[in-house]
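The domain 'Cation-transporting P-type ATPase N-terminal' annotation in TrEMBL covers 120-192. As annotated by TrEMBL, transmembrane segment applies to 175-194, 200-220, 357-379, 399-428, 821-841, 893-911, 961-986, 992-1012.
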């Protein structure tokens, strides 16, 4: 059965976990067809593909307009502008606030790239004066409100959130509930005509009250989910940017940005507002998101226009903000786009398939039940009073039959299955947010539970990212860096000229900077590596600052992970020029043919000396230090367009930078191994550094391989097939190497791969992987945009927590499916068999609505929100293509269904005799007992479903207060229904013996569960072990 079901689901309801095609999304929608009770609710978390297509068309149209504005010959526009020049007038508010340019004119200068008007206003300097901002101090925070009132806030118009009553309305759109309400009104009308007030209202009113209860519980659950997703969505939009305000550098939210702010941009940033370039180095902008043009745009003082929504592809710069929010093209574009919805997850689609199959079966049973009841009624009527005589009570009977049939559809179509995935994912995402992991895409949380490989960075993920210079080699001498005596220690072995050259190389060739904080203290900003070297330079500097920072920078080549170095060309006070280069030790050393001696002179670099330097680098690396070389080269002529030279440099120093392993990483890696997850370190560092850290973390084992990127790139596909399973460390790798490794792991080996990344160049690998994990602290905005999960604390242990929750989601949904399918089968069969044999259904419409709520909303809340436990990380992950409904689940479903059917059948056909129930109301007592026993069977089966394979179903139950609360609420309300609401629910109060029988019969399902778990199931291609996993070890906890 499971093979046939999986085959059908794979054909019609398969969806790739990432970047699904529109055809795949439309295919499963077609397969669902019309077997949907409430489309507005069931597909609430599914994207509207038509609306999404409209949005894409809007984006293309806007891009075309912007492209025309930016790239068509400017002369034509100048001519048009000359014909119809728009006049801008300063309003009283603008003048009163002290500004000299109107918001609309200022916004148009940047958005239209209007160099003519910019020049008319005095260029960038003139604009800054007119908006009362300075390049060195920025704006005053005290007039922020005034600026935002006049020039706007940096937000675009968003659609208001849906209110609670909109969710109530969605819940009321259920077609079966609408039909039941019509039946209830008919029942009230006929009842009042035949039985009078108030007795004639009870049946219909009971159905209406039950429907209202179902609707309210459903709406509350959905509304809470929407609030959780809204909160997570707000977290996704939290982007911070560096600005200069009140004369000091600070980090602010992009939503607090105002016109006049001085923004610091660097590689990987998304531009938060329109602005004008002040100064920078090698500043390249990717405008494809706005214009559709893939070629990067070089921004300079001649072309200073920077648009919101574009991305920094290379370099760094300062810009002054000229337009925010709805006055930018990006803001206008974003406000026109509708919420197309997030892509559905594979599990949601698969469970839509399961719901469709069961829905068709339920519809067939409902029709058959109604026909059987109607035929029996007509036959009985024909044999007694004849078919020509009709009474109002006959109409009431037929209405009740129809209501029962419709209620069977309510119970049989498990709309809650796909929605339970959403509930479970929302719960998991909320918990992960508290644990420093921001899930950007729903499917990632689900897919992470199946991850078999994690390709992780070293720096900042496995290590603390708190770097300090631990050792330095200069002039053939290695020194350990010890506290405050750095200058004395170094001065004892090198001359002052050598020291000056070292300091000049540190201060001129750095992307870090010293900034003043609010309290007047100075702090160093930049990447951890740059910060460590600059802080070391500051500790050496003493009073020599003016001397070492008196050069003028001519050109800067920022660091990138392809070149693995950075360079700067400076003009010296004596009129000469000098290139400084700093980067990966082996690469910079290859560029050198000379080395600085103790007196500051350059001497030829012999092969023996080169070998000694390489030994020093390897010695530093073996101590788990990150190594960097600093070198310089004198040049006579300056060519602004030429790249930095690749030879002829003189080696100055080698830095050994310490970056300790994070606490808990070793245990986390051990947990991964227990869980069948392979951890591979992919780093740009020296191979010896990488190996030392990998061994300390427990990643590199005796049978594993450490390889360098260039070696890996040179392998053929056949060699890679043999090599990749053994690779545990890849050093000196390029982003392309990471992308190749991920592609082969997914393609050749069918692995589910998670990848960490922080740089802009990591975006392709993050996009290619099954789960892209971007670093929240070190990661660029481009990397975060390409990722599925943002690790807010950059900690490897957090990644393992995502995997734990991913497994919890998968297993929780399996538990809920097992529980719900059992209820479906029993409710269908018991009503159908009873209708065929006795001519009446033992479970009424009101009772079935209550059962539906137990198994749908309440069941999902109880089972789909179980937190993860340690046992989940002691099994291998579920592989691609494994059956979701496993043989273990089918065994439990069939076993429990059979037990419940036997019990309820015995009560139905022999209950009066077995329990010695006599009297005129014996039939009502038996039907009440059947209903009560059926509900308690579900209560205990819900407890059973907490563990699908293990016997001890009570482990951890006390820590899950939500589960206990729902079970208690279900039992309490069941007592209320039986004791107090019998008039509406067609029940009578039971004596304590009958309560014991009901609870006892329900509790026996726990014993049945133990017996079932002792029955082995066949092990075919898909393992029949717990949840599709194979246990790795046995012990007391396995019981």
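Along the chain as shown, the residues are counted starting at 1.
Note: Cβ is positioned from N, Cα and C throughout, glycine not excepted.
Where the annotation comes from TrEMBL, it is an automatic prediction and has not been curated.
Keep in mind that this is a model prediction, so the values were computed, not measured.
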Seminar exercise, completed: For the transmembrane segment (893-911), out of 175-194, 821-841, 992-1012, most C-beta pairs under 8 A are with 821-841
Problem set entry | Contact between the transmembrane segment (961-986) and the transmembrane segment (200-220) (at least 3 Cβ pairs under 8 Å, separation 6+) | yes
Problem set entry | Helix, strand and coil counts within the domain 'Cation-transporting P-type ATPase N-terminal' (120-192) (DSSP) | 47 helix, 3 strand, 23 coil
Problem set entry | Same-chain residues at least 6 beyond the ends of the transmembrane segment (821-841) whose Cβ lies under 8 Å from its Cβ atoms | 358, 361-362, 365, 368-369, 372-373, 376-377, 380, 404, 408, 411-412, 414, 848, 851, 854-855, 859, 892-893, 896-897, 900-901, 904-905, 908-909, 934, 937-938, 941
